[in-house]
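A.B. asks: Shown below is the structure under consideration.
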Amino acid sequence: MEARGDLRSILPYLPVVLRGGALFWPPAAQEALKALALGPDVSRVSSGDVLADALADLRLALNLDPLPRRAAEGFALFFDDLLSRAQARDWFDHVVPSLARLLLRLPTLLEGHYRAAADEARGLRILSSQDAGLVLLSQELAAALLACALFCLFPTADRAEARLPAINFDSLFAALCYNSRQSQEQKVRCLVHYFDRVTASTPTGSVSFERKVLPRRPESDGIMYPDMDTWMKSGVPLCKFRVFSSGLIEDEEQEALEVDFANRYLGGGALSRGCVQEEIRFMINPELIVGMLFMVSMEDNEAIEIVGAERFSQYMGYGSSFRFTGDYLDSKPFDAMGRRKTRIVAIDALDCPTRLQFESSGLLREVNKAFCGFLDQSNHQLYAKLVQDLNTKDNCPSVIPDECIGVSTGNWGCGAFGGNPEIKSMIQWIAASQALRSFINYYTFESESLKRLEEVTQWILRHRWTVGELWDMLVEYSSQRLRGDTNEGFLTWLLPKDIPNGSTGCACMAILACI
């Protein structure tokens, strides 16, 4: 075990120790967990207040800093005041002892994981910047790691310097005390429900976490980071585009890459006070949080794809109106690796880009970020051949297999990030098409600026535009915006309202004539 590079990279960030080729809990921590595992009659942990004291003792046994006072108050507030008496009694009588028993098995689960990942290619490790690779975990090990996060047992030293997001739940519970919004309580309810479920019945599947990289320099394998010229010359046909004014990405019925409107630090504010698209997804699919343990923040040419995360909760609302509404039974089928066929891709957009989103550098950054997330680099040789065929044939969409999974997305990088929904919808369409995805299902969330999205996309598809043609139009429009030649939205600019549906607009035809 000592010789394994994957284990050595993650070990400083785990609460267990390695001695004589085996993993152990430090003796004092093991004794404390054994007491918790025996239930409240032995441990005396029968309230949130006492649980916080027990967690403080556990952290002391692991030579960690004291549990922050606000976090202790948050544990007491939630379990003593916000949960019903019946729920709290069940939590302390059954869930806490079960979680302690699961944590006692963590060293064994980790050793089994590393034996199964014999070549280190899928072993739990720090996935650093520009380190393309995959970590495959059992759902049981994921549950044990999440129990560590709940009990705030992960070492925190050097995480910020390593560009790793926070992973312990202390800030999540601390925010209950000074955040009056109901949404914070509801986030905790989602996670408590997850622990109720996994302690009642151990999940048996797997979850994978992959860092995807578009190399900026030539390599022997893989598709490189495209430049402006590559996008302009692309002859790849645009994929199908379906518009939905209602519905949610996570309820997608077709097999598709479901886009996480991510922060460059995976999870964003999930474990603090955030409660928008990414944070909500991490609450209803809590296994996503595990990636925050070992995924270094993303750079412009990187994305993170997570396959197999089970959904456990129903919800309603968004932001301050978010509410946990009950149990969710995930019926997604499993693939050959034991993962549910739920594919979530985290891509971080430019934050408050203003003019930058219309500049060539901003457009290129965003389209390549989406392209990195949507591309399957594992089939790069087949991909390169198909793209070559498409670039030398006259709009031959039949070359792209219909069975290729598509993309389910929406207003990525808009809202709090301040992006332009019309630009972002086109960028994602361009990127998905170049990645040879068979369709985009686009959820507008009733955005006012996207009322003409279906009309415009269907008009483009009828005219059989390629990726390069739409990219050229986007670049031209953006140039006009920067010069002040137009203040119209892209959809209006491309297809003027006074042009009958199906006719050709003057502006776009004049530009296309020069292509």
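Backbone N, Cα and C atoms are what each Cβ position is placed from, and that goes for glycine too.
As annotated in TrEMBL:
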type     : residues         : note
ACT_SITE : D260             : active site
ACT_SITE : E278             : active site
ACT_SITE : E279             : active site
BINDING  : N263, Q277, Y318 : substrate binding site
DOMAIN   : 84-211           : domain 'PARG helical'
DOMAIN   : 229-451          : domain 'PARG catalytic Macro'
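Thinking about packing and proximity, how do these listed features fit into the structure?
C.D. replies: D260 (active site) is surrounded by 29 other CB atoms, counting those within 10 A of its CB over all protein chains shown.
Summarising the environment of E278 (active site), the number of other Cβ atoms within 10 Å of its Cβ, over all protein chains shown, is 23.
E279 (active site) counts 21 other C-beta atoms within 10 Å of its own C-beta, drawing on all protein chains shown.
In sequence order, D260, F261, Y318, G410, G415 make up the list of same-chain residues 6 or more apart from Q277 (substrate binding site) whose Cβ falls under 8 Å from its Cβ.
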A.B. asks: If you average the pLDDT over the domain 'PARG helical' (84-211), what number do you get?
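C.D. replies: That stretch averages a pLDDT of 95.
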A.B. asks: For the substrate site made of N263, Q277, Y318, how many Å separate the two farthest Cα atoms?
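C.D. replies: Largest Cα to Cα distance for the substrate-binding set is 17 Å.
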A.B. asks: Across all chains shown, how many C-beta atoms besides its own are within 10 angstroms of the C-beta of N263 (substrate binding site)?
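C.D. replies: N263 (substrate binding site): 21 neighbouring Cβ atoms within 10 Å.
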A.B. asks: Which whole-number value in Å describes the distance between the Cα atoms of E279 (active site) and N263 (substrate binding site)?
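C.D. replies: Taking the Cα atoms only, E279 (active site) lies 10 Å from N263 (substrate binding site).
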A.B. asks: Quick one: pull the CA-CA distance for N263 (substrate binding site) versus E278 (active site), whole Å only.
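C.D. replies: Given the Cα positions, N263 (substrate binding site) is 8 Å from E278 (active site).
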